[in-house]
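Chemist: Below is the structure I would like to discuss, written out as structure tokens.
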Amino acid sequence: MISLIPRYIFNFFFFIFLQVLILNKIEFSGYINPYLYVLFILTLPFETPGWLLLVLASILGVSIDIFSNTPGMHMAAILLMAYLRRFVLMRISPREGYEVGTLPIPSFYGFPWFFKYAGILVVIHHLFYFFIESFSFSNIIEVFGKTIFSSVFTLILMAITLLFTYQKRNRI
């Protein structure tokens with residue numbers, strides 16, 4: 001577990017860099033805004049303490065907010081996602097439970113399980129983020145449209161990223 005700390009530090013800064021310098025520039029018709037930085041929180045080990053998850057989510061969210069000029073919006077959305085992560089993992093856990101030393105990634109539990117897990121949390125993140133951005137119920141159709149299209153695009157980017165970055169391992 002200790003050997004993974006440098007990797008997670010690199011991933012933390014890599015996702016901030018990627019989000020701020022590349023992905024924030026992508027916007028298709030105002031409806032597709034990929035937020036790949038949430039993958040950092042999604043791929044943290046199952047054993048990550050809740051307090052550490054929330055601290056990392058706060059730092060990640062405020063970092064994206066500072067560089068994106070979105071005061072607190074990313075931080076609020078990623079904090080909600082990080083808080084709900086444990087509940088989602090409990091609801092979709094395999095019958096035998098999660099093996100100690102595994103990660104919530106497709107190479108351990110398969111793509112169908114990962115898309116269910118990531119899909120729920122990404123939709124929650126995006127819906128909350130776009131609702132805060134709109135700050136009105138009058139644009140609810142637009143918020144749902146942005147949520148759906150951005151979530152699908154983000155999940156596709158996650159799948160591509162995970163295919164190239166995580167190899168099959170027995171345990172961490």
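Numbering starts at 1 and runs along the chain as it is shown here.
Each Cβ is built from the backbone N, Cα and C atoms, and glycine gets one as well.
A TrEMBL annotation is a machine prediction, not a hand-curated record.
Pulled these from TrEMBL:
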- 6-23: transmembrane segment (TRANSMEM)
- 35-60: transmembrane segment (TRANSMEM)
- 66-84: transmembrane segment (TRANSMEM)
- 113-132: transmembrane segment (TRANSMEM)
- 144-166: transmembrane segment (TRANSMEM)
Chemist: Between the transmembrane segment (144-166) and the transmembrane segment (35-60), are there three or more C-beta pairs closer than 8 Å, counting only pairs 6 or more apart along the chain?
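Modeler: Yes; at least 3 Cβ pairs under 8 Å.
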Chemist: For the transmembrane segment (113-132), which partner among 6-23, 35-60, 66-84 gives the most CB pairs under 8 Å?
Modeler: 66-84
Chemist: Which bits of the chain, at least 6 residues beyond where the transmembrane segment (35-60) starts or stops, bring a Cβ under 8 A of a Cβ in it?
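Modeler: For the transmembrane segment (35-60), the nonlocal Cβ contacts are 1, 4, 8, 11-12, 15-16, 18-19, 23, 74-75, 78-79, 81-83, 85-86, 89, 98, 100, 102-105, 117-118, 121-122, 125-126, 129, 150, 154, 157-158, 161-162, 166, 172.
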Chemist: Against which stretches of its own chain does the transmembrane segment (66-84) lie, if we need a Cβ under 8 Å and a gap of at least six residues from its ends?
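Modeler: Answer is 16, 19-20, 24, 35, 37-38, 41, 53-54, 56-58, 60, 121-122, 124-126, 128-129, 132-133.
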